[in-house]
Structure formats: structure tokens, C-alpha cells
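Beneath this line is the structure, given in C-alpha cells, with notes to follow.
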């Protein structure tokens, strides 16, 4: 019979090598304390082996649940839109008067003081009548920022438990104190907490919180770490099925990707500490691996430590503060640390190798196959420095091709067109050698092409800050044409569908957020005109009310869209509100602005869709304004377009 002092070293050697737990000899007539301890540990490892794989079934069930919810929401919005179109068609068949065009005598850069609640006689949606003469914004220096003629009328009491709960989910708390870390909406936070709770449950279920169980806990944490690895990579991938299945944007999924990365760092830490504790209290006293150096220099431990520190450094360099300050360095380190972590995790233990292989396959498929081979296009772009002398407009003409039949599965190239709110990654190797392998994301600021068009203009607005954008600005001063590699398009249809199913559409842009908002405006104009073509072919006025609030920092930023484009949109019925530049008067009172423009829609019970893009503080303010309206029973929904690279 083997000595008791040899049992734990045998177990430890066994756990660090491939093999079968069932192969251990536990049949002793009179088990000693060490043998009893080993029995408990082996039973724990066996339980982990059967329990942890059920985690994948839970994740699959969640994906199915969210996919079904997304499909149901799409169906409801499609039905609402179909009912609305039929209703408008019936009104016109009854001989009702079609609305008149909005008359514009001045520039489109001052708020529309016409009461938006004035209904047309020929439509069930809210429409303005003849607009009063206007002055251009540049000549209207004495006009107060806020028009005080309107106040949001109180609703009849329609507060319900459901509306209160929906408002709570929509609300976004203040940033975390001290570190000033921005928090997502309560709904997003609850979803993330639920997902993290599943991981906590799977980490500690059926484990006694006593030190003799440290080895089992370490084994469980390590098993969960590798089990989560493919999910980490698929949530961070640009080309993935989850966007299509759940309707969530890349930014939303990337938020879960970051939180899951934090969970993996904690699981790796628990695994490392648990194994170290098991060595110190159970293995070291037996005379096997008597020093810490002996333990740390085991080949399998060395591989594990390299993988551990690679993932920890990967997390640290992925923090928002690091990304914003050293974005180019972040891109390079992200690739290096991923390669090191996957390589040494593969060498660390055979249990993790299938998961490492799956994660690597996702990474290669996303980067090499899709983004380089299938979705990449090199074009010659014209570089124009805008009037503010700190923004570069990259413009090119895309020769459009019919989309392939399998574009739903593999995505489509920019040559197949794009949609409003989509973005692309650009690479400009001529700027410097360090940019050859770097790609930077920017929203497409031009109108999405119609399916029948053969070519389309693509514009990107890039504000110079530091690094890549600063070098691009310097290059644009001497070179008017640049070779640009485009990777994309990428994006979500959530904001478009939200607005399409609404009766009143409010779009709020802050600064360069207009690059997201303006293509949405063009999309809504095109959609409304096409749906109204049979009913009112001669009228430029939209059947739905569209209002744009654009807060600019400098007056020169109006040129990002162009005065003529703003005037054309107003002629087609879009109400445009551009307060004076914030460098002159400070931040506007958005709450009063939104209350003013929504007066008619709220009092008449219209369905309101709000989309905003801009600084984090603006997104939070608009979201919470809508949450307050939701709490009062207003039928409002909001989407915040935010970059989360």
C-alpha cells in the first residue's frame, strides 16, 4: 500500500497532467485523513467535469430567449408600420386634404417656433402649417436660446406599474463617484448582472467554503475560464451571428464582452491562487515541491503564469482611460497579448485546448477571412480640411454591386452599400509605417444608397485629436488624395427600426454625433417620400413629424452637413433646431428644448421615437428625459448611438 504522504503529491501531479480521474486508486480498507481528503478532492473534480459543461446549455437558452424577443419586437413594429400605412391610405381615399408644404423664407438654422401640435386636416400624424419667416442663425444673435411659449402639457393619469418599471430600465445613473466611470442604463446593467450572476453560481455551486476545497475551486474556476473563452471572442468580433439574432449593436455586445473579460480575469486569479494555496498547504508539507521556486518553475505552471499575466495585461490595456490616451498602442498590445495568452493557455493544460481552438477560429474568421478577404475595399479618397481647420472630410465614390445571396450569413462589403448609422474601419498605410496594420472606426456621414443606385458618395468626418487623426490632418494639408482601405460596413438596425415605427421622430446630435444623425434623417426622408408617393406625389411634406436638434461647439461646424443640405431637409418638412454654438453661450437646456418640441406629440398620444448621438453626458441626459416621460405614461422609446471601441 502506498504511503499516505505520497497521496497528495500523486493527486497534484495527476491534476497537472492529462489523464482520467477514474484511474486513481481510492480503494483503501481504512482510509487515512490524507486519503479521505483526496477522495473529496477527486469527487469534486468529477463533479466539475459533469457540472461545468451545462453552462453552455444555459448560454444557448439565453441566446434563444433574446432572439425570440427580438423577432417578436420586429414583428410588432412591422405590424404597427403596416397598420399606420393602411390608415393613412384610407384617409386619403376618403378625400381628405393633403398637408401643405412648409414655407421657408430664411436659413434653417433657427428653431421652428410654430406650434408642432397643430394637426393637418389630412393626416393622423402631427404636421406643421405655414412656418413664420425666419432669420439665419448667424444674424440672430439676440434671440433667446430657449423659446418659452410652450410647456409640456400634463397627461391624464396613465402611470402604471409597467410604465414605472420600463422607465427604471431606461434610466441611466450618474457616473461612478471618484473614478467617474460611466454606467449604462439600468436595463443593460441588470442584464450584465444577471450574466455575471450565472458565472458566480457556476463558480461556487456545490463547493464548501473551506480551505481543503481550494483545489476543487481552482479547478472549477479554470474550467469556467476556458469555457467562457469562445464567448469572449465572439462578443468582441465585428462579424458575428449575435447581432443578427438579437438585434443588438456591436457596441452593446462589446459592453458585455468587456464585463466578461473582467470575469475571466477574476476566474484566472481564483484559479492561480487556489492552485498556489493547494501547493502550500497540501503538497509542500509532504516534501514534494518544497519551495515556491520549485512550484513556479514547473513547466506547466510557467505556461499557466504566462497566459495569466497576458490576460491580465490585456485587460489593463483595454481600459477606457488607456484606450483613449494611447489608442494605437492599445491596438498593437491587444494583438500581441492575445497571441501570447492563447499560445501558452494551449500549452498549459489539455482541458483548455478545444476552447482555445474555438476562440482562435473565431478570431481568425473575423479578422482574416471576413475583414481582410471579404469585406475590405481599397479606394482613392479626397481629403478636405473643413472650415474649423481641425476636421478632415474623406470623400470617395463607391461603385455599387448587387449584394450576394449569402450576405446575411457572411456580411456584405462596402461595395454592396450600407445603411444609416453604419461605420467602417479605415487603414491608411501612407501616413506612416506604424499605421499599416492599424484600423480606426468612423461613422459613414453620407446618405445610404438606394438599392437601385449604381454608385454612391461615401463621406467620413474625422476630427483631429492626436495620433492617427492628427497625422491625417497634417497629411491632408499637403496631399488631397489618399489611398484608403475600407473595412465594413458594420452597424445595427435598432435605431432605424425604432424611428420607422414611431409617429413622431426626434433626433438629437451633439457635435460630431451629427455623422450618425444626419444619415438617419436622410433615411427617414427617403422612407417617408417613398411610402407617400401614391398618396401625395406632389407634396414634399413628410407624413410624419421629424425634428432634429443639433448642438454645435463652433459655428463653423455647420459646414459638416452644409447649409444647403439643412435647407433641403427643412423644405421636405424636417424641423431643424440649431442653438448658438456652445463656445459662445454654453450648453443649452435640452430638457426644455425637448419638452417644447414634443408638446403636441405628448398631448395627442403619439408614439415617439428618440435617437441621440454625442457626448456621454448628452446621451445620459436625453435618455433620462425620455425615462421621465415613460414614467408618466408617454409612449416613447430611445436609442443612444455610442461608440464603444
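Heads up, residue numbers simply count up from 1 along the chain you see.
Using N, Cα and C of the backbone, Cβ positions are placed for all residues, glycine too.
Lifted from TrEMBL, the feature list:
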type: COMPBIAS; residues: 116-125; note: compositional bias 'Low complexity'
type: DOMAIN; residues: 372-496; note: domain 'FAD-binding FR-type'
type: REGION; residues: 99-140; note: region 'Disordered'
type: TRANSMEM; residues: 54-72; note: transmembrane segment
type: TRANSMEM; residues: 183-205; note: transmembrane segment
type: TRANSMEM; residues: 211-234; note: transmembrane segment
type: TRANSMEM; residues: 263-283; note: transmembrane segment
type: TRANSMEM; residues: 295-314; note: transmembrane segment
type: TRANSMEM; residues: 326-347; note: transmembrane segment
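Over the domain 'FAD-binding FR-type' (372-496), the average per-residue pLDDT in this prediction is 87. Remote same-chain partners of the transmembrane segment (54-72), defined as residues 6 or more beyond its termini with a Cβ less than 8 Å from a stretch Cβ, comprise 195, 198, 202, 224, 227, 231, 242, 245-248. Taking H, G and I as helix, E and B as strand and the rest as coil, DSSP gives the domain 'FAD-binding FR-type' (372-496) the counts 30 helix, 48 strand, 47 coil.
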